[in-house]
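In TrEMBL this protein carries:
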- 8-126: domain 'MTTase N-terminal' (DOMAIN)
- Cys17, Cys53, Cys89: [4Fe-4S] cluster 1 binding site (BINDING)
- 148-380: domain 'Radical SAM core' (DOMAIN)
- Cys162, Cys166, Cys169: [4Fe-4S] cluster 2 binding site (BINDING)
- 383-448: domain 'TRAM' (DOMAIN)
Amino acid sequence: MPHTDTPQTYRVKSFGCQMNVYDGERMAELLAEQGLTAAADGDAADLVVLNTCHIREKAVEKVYSDIGRIVKDATEEGGSAPLIAVAGCVAQAEGEEIMARAPAVKMVVGPQAYHRLPDMLKAATSGARVTDTDMPADAKFAALPKRRRAGPTAFLTVQEGCDKFCTYCVVPYTRGAEISRPHADLIEEAHRLIEAGAREITLLGQNVNAWTGENAKGQTIGLDGLIRELAAIPDLRRIRYTTSHPNDMTEGLIAAHGEVEKLMPFLHLPVQSGSNRILRAMNRSHDADSYLRILERVRAARPDIALSGDFIVGFPGETEADFADTLSLVDAVGYAQCFSFKYSPRPGTPAATMDDQISAEVMDDRLKRLQDALNRHQLAFNQASLGRACDVLVERHGRHEGQWLGKSPWLQSVHFMAENGVTPAIGDILRVELVQAGPNSLAGRILG
Ligand code: SAH
Ligand code: SF4
Ligand code: F3S
């Protein structure tokens, strides 16, 4: 077996959802614990981890072209190719195929197996090629190093996997069954993140509001209970959670939006379509009305809540009338922001082989009309915030000299300058008046 030099530097590139970002951070921590250091921006790394996403089309092609480019960049000037590891949801779904097709890849590691990276790395440096796509999700977290670094905003995965099996979606296959991480582990991780500087924690899960656990008193609690406990930690200032499923939106969680001050007034609740016929074909187990009723209750609990969602256009069989239902739902809700996608047939999912696949032209047209409507609502929401004074958590420097960027409670990007004798610092929470609104961000003025 050929022997490869032990890598000294690493780079983790994460694609896809926030849970992948979280996984990427944890892989980086694991590698750092093995003595590797993060490659500086622009420098070649000895080990490159591609932390991939499989949710929409061209995911696999993108991985192959990334691998090609990494090898080419590294070898062009006579250097040697780095060790390449493919992680994430494409690794889970296409691991064997990748091993067969891409000789440059030495490690394939699924989203529930990356705690074994150190052992895999040892094997790979002695010339082996290793694949691990095992699925027992709970073993992973216990094997990961403790959190030591955090920016002002941090992610904390509390729940993984999905049992919902929407007919278009790969997640139940790439992430496995729904599991909730134990309560005590989460409280401990939250404390560590806060000690490391986090002021805001976003609780993550593919179905985060399905989280359930047993608290220190032995009571079974839901996500609302966890949020209430975290809110009692003085140095934690803000709590968010994503992504939720309408079916798991409990009374307790809705009530928490009215009662827990640190829980930010923002809810991402994907609906996918406004047509009941399409929602049934998607196996969504809610309809347009039941979804709107949930939002009404959330708004009753927290009148200023900013709403967000996900939409898919061009699901098989979607007619112009179905699409019109989606547009009506959008107008009925008045979203603050949204994600919208063209339906993409995923291998192995039921929808991929349904009749009446929609043409690319129709999808393009519907996506454009939907996005026009969503952009209109987003701008209206931002304009309606003008004149409001709110707290902004300072996250980083802006593009312009002396400019800072942060988020409003409603998850809007706000930029502002040092003013009124206040020089912002990352992690500060400042009182800001919103004075200018664009479609994607607002300008703020620091109040004394
Ligand atoms: N668990 C979350 C979302 C996970 S995936 C939920 O159910 O809401 C994020 C988003 O990607 C989905 O909400 C959906 O809008 C989109 N998506 C998933 N599969 C897709 C596909 N095959 N084609 C297009 N968009 C898709
Ligand atoms: Fe995918 Fe549906 Fe599960 Fe969301 S709820 S991850 S869309 S299967
Ligand atoms: Fe993508 Fe996997 Fe997340 S498919 S969206 S990285 S769960």
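Glycine is treated like the rest: Cβ placed from N, Cα and C.
Here the features listed in TrEMBL are placed on the structure.
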{"residue": "Cys17", "record": "[4Fe-4S] cluster 1 binding site", "DSSP (3 states)": "coil"}
{"residue": "Cys53", "record": "[4Fe-4S] cluster 1 binding site", "DSSP (3 states)": "coil"}
{"residue": "Cys89", "record": "[4Fe-4S] cluster 1 binding site", "DSSP (3 states)": "helix"}
{"residue": "Cys162", "record": "[4Fe-4S] cluster 2 binding site", "DSSP (3 states)": "coil"}
{"residue": "Cys169", "record": "[4Fe-4S] cluster 2 binding site", "DSSP (3 states)": "coil"}
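Cβ neighbour count for Cys166 ([4Fe-4S] cluster 2 binding site): 22 (other Cβ atoms within 10 Å of its Cβ, all protein chains included).
With a cut-off of 6 Å between Cβ and the nearest atom of ligand 1, the binding-site residues Cys53, Cys89, Cys169 reduce to Cys169. The most densely surrounded of the binding-site residues Cys17, Cys53, Cys89, Cys162 is Cys89 (count of other Cβ atoms within 10 A of its Cβ).
Excluding Cys162, Cys166, Cys169 themselves, the residues of that chain whose CB lies within 8 A of the CB mean position for the [4Fe-4S] cluster 2 site are, in sequence, Lys164, Phe165, Tyr168, Val170, Val171, Pro172, Gln206. Under a cutoff of 8 A between CB atoms, and with a sequence separation of 6+ in the same chain, the neighbours of Cys169 ([4Fe-4S] cluster 2 binding site) are Ile55, Cys162, Arg346, Thr349. By the rule that a residue counts when its Cβ sits under 6 Å from some atom of ligand 2, the binding-site residues Cys17, Cys53, Cys89, Cys162, Cys166, Cys169 yield Cys162, Cys166, Cys169. Taking DSSP states H, G and I as helix and E and B as strand, the domain 'MTTase N-terminal' (8-126) has 60 helix, 24 strand, 35 coil. For ligand 3, none of the binding-site residues lies close by, meaning a CB under 6 A from one of its atoms; the full candidate list was Cys162, Cys166, Cys169.
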